[in-house]
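For reference, the structure discussed in these notes is given below.
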Amino acid sequence: MNQVYLISILIISIYCASFLEEQPRMQNKIYSIKLDRTQSQARKSFFDFITTGQHFRSKSDILDDIALTQTTQKENIKLYNFKNTQYTGEISFGSQENKFKVIFDTGSANIWLNSARCNDYGCKNHKQYDGQKSLTYEHLGYDLDVEFGTGELMGEINADTAYVGNVMIRKQEFAEIVRENGDVFALSDFDGIVGLAYPTMAAYHFNPLFDNIMQQKLLDRNVFSFYFSRQEGSRTSELTLGGWNQDHFVGELHFHNVANKYYWLLEANNILVNGKDIGLCKRGCNVIADTGTSLITGPSNDLYDMLDALNIDENCKNIKELPTLTFVLDGIHYDLDAHDYIMKIDSYGNEIAYGSFASTDSFLEMGGGCECVGTFMPLDIPFPQGPAWILGDTFLSKYYSVYDRDNDRVGFARSK
């Protein structure tokens, strides 16, 4: 759905913390992968694609289950961080040297890579996968066709050996993009998407990447976690496979049970503005932890009510008085203040996060012709998963997130 776009829209989410749990030590088989933080995700087409159900059609029968081999591999893997509102890392297909820059997206379940068979600009402008150069490539020939508001992607699901760092995943299904209408990838700074949601979302019931990792027993604990640094251009963001990295958060991890095993969907108690209930989460509401979406999104009517309550001045005149937004999950309060949810858009369309400045005065004095906006967007997710709020990178850069498939829960802690 994941992984994410910007322009003058705001929203805030809320959490309900189900129960508190503390794990004093990391288990072995933990892999850390450096994430790059890339350019703006304010592309409406990409947002439409990520948040669109991926309808597919079959050319053949579903394959039989594939016998997989266990491994006792044990290793730490570095990740990379690149720019501002998008976080990318590397995955390899066919060989460890054949690397692709991807978004690791907890809001979708399929893997998408540009195919060498695609001649459209969006494919040619990025690294392209060529199965003819891989000794472990398997042609499966399943069609995957996604239509969205501003375009369409057509792909073919095949399989190859995948590597996340030195973690080798055999027979990993992925979609090769063979036709791209629209600019979903054309202006992006990544080569593909790796979905980490539940397999109920995946095409043809093939396993998403992490489900194959689980099936092949590559980790001692079926857990992964994300740390999103707010230092633009830094290389400190991290995806950890097999557990979490306590060096990246302070305090305790609060865990919340997954309510629907499709997205990483949680039940929230309330959404507060300066500690007040303004009716944004009547009788509770759903929130989705989504590393593939840059912003926080919410149901249109509720989002506009929230924006009215925030009353953000586009000239940043009231930035020092803006209220705190709070997502309440299982009684745990997750606060976002103006430093977390405000950015400026300059005359060139560049995003400048409030939280990246040392002081409010320096942020206010920065350049002319800028407009203050909140990092929110209206989005009406249909039933049965919706209505729901998406907790994107605006939230997940402030709160370290842990995704626990052994216990079907999500944990949050304040990031360092």
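Just so you know, glycine gets a Cβ as well, placed from its N, Cα and C.
Just so you know, TrEMBL annotations are computer predictions that nobody has curated.
Copied over from TrEMBL:
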| type | residues | note |
| --- | --- | --- |
| SIGNAL | 1-19 | signal peptide |
| DOMAIN | 87-413 | domain 'Peptidase A1' |
| ACT_SITE | D105 | active site |
| DISULFID | C118-C123 | disulfide bond |
| ACT_SITE | D290 | active site |
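Annotated pair D105 (active site) and D290 (active site), C-alpha to C-alpha distance, rounded: 7 Å. Listed active-site residues: D105, D290; maximum Cβ neighbour count within 10 Å falls on D290. Confidence across the domain 'Peptidase A1' (87-413), taken as the mean pLDDT and rounded to a whole number, stands at 91.
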